[in-house]
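Worksheet: the structure to be examined is printed underneath.
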Amino acid sequence: MGTVVDAPAVVTEKEVVAENMLGDKKVTVVFVLGPGSGKGTQCSNIVEHFGFTHLSAGDLLRAEIKSGSENGTMIENMIKEGKIVPSEVTIKLLQQAMIKNENDKFLIDGFPRNEENRAAFENVTKISPAFVLFFNCSEEEMERRLLGRNEGRVDDNIETIRKRFKVFVESSLPVIEYYDAKDKVKKIDAAKPIPEVFEDVKAIFAPYAKAT
Ligand SMILES: Nc1ncnc2c1ncn2[C@@H]1O[C@H](COP(=O)(O)OP(=O)(O)O)[C@@H](O)[C@H]1O
Ligand SMILES: Nc1ccn([C@@H]2O[C@H](COP(=O)(O)OP(=O)(O)O)[C@@H](O)[C@H]2O)c(=O)n1
Ligand SMILES: [Mg+2]
């Protein structure tokens, strides 16, 4: 009896996800990092001047808690401890928000916070950031800003703030180093007053100026 040889596998037409495409739109994504450094504050300015849509991973996670989602309790516990929520949860929220929005330019604030966030986002979405905006600020200044924020956040207390900074150093800095090796990091001195920080931000975003 002859050996039965498997027929060569038919090459099925795989769904090819093209780089930086979201459905049929090509998107520009900028990651914004640096804990308690004024990311949200500066993102609002960028939205106003350069026509980006601001997506804060932290805000999306907090909205998910409020919506009564089945993941709500888990997310709340992670935030209270300053820990990073599993990527699948955060990426789903970011992806949904990008798909829902007609814009093609997004500021993704507070993400990717660790290697798992970074790798999973690139694998799932095939989107690479145009660059990473890193607001650099000392731990002391970050503490001062977060303790004065007064938004009633469960994680803006000294104990959680210290944990968040430790997580930033251990988990988020390696992500910044990863992109720095690709020459994609634009580091900004965030210790200066808000308008001065925005002057530096403006210089970086000039190529994305809205056509008037
Ligand atoms: N350059 C700055 N100097 C002083 N305070 C700032 C500056 N930028 C932001 N803040 C204040 O610091 C707090 C944290 O800012 P926020 O934009 O929420 O930071 P992040 O999103 O990085 O945590 C807010 O109360 C904000 O008003
Ligand atoms: N990619 C992310 C972003 C936020 N988070 C959680 O949300 C918390 C608050 O994030 P945030 O970005 O709103 O905080 P700030 O850096 O803006 O003060 C983090 O400390 C994490 O617990 C997360 O798990 N994964
Ligand atoms: Mg913020």
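Start at 1 and count along the chain as shown; that gives each residue its number.
Glycine is treated like the rest: Cβ placed from N, Cα and C.
Site annotation for ATP in TrEMBL covers GLY36, SER37, GLY38, LYS39, GLY40, THR41, ARG149, and the matching candidate from LYS83, LYS105, LYS192 is LYS192. Within 10 Å (C-alpha to C-alpha) of ARG149 (ATP binding site) lies none of the binding-site residues ILE84, PRO112, ASN117. Here the binding-site residues are GLY36, GLY38, GLY40, PRO112, and the one with the most other Cβ atoms within 10 Å of its Cβ is PRO112. There are 14 other CB atoms within 10 A of the CB of THR41 (ATP binding site), with all protein chains counted.
According to its DSSP assignment, GLY36 (ATP binding site) is coil. Within 10 Å of the C-beta of ARG153 (ribonucleoside 5'-phosphate binding site) there are 14 other C-beta atoms, taking all protein chains into account. The two recorded residues, GLY40 (ATP binding site) and GLY110 (ribonucleoside 5'-phosphate binding site), have Cα atoms 9 Å apart.
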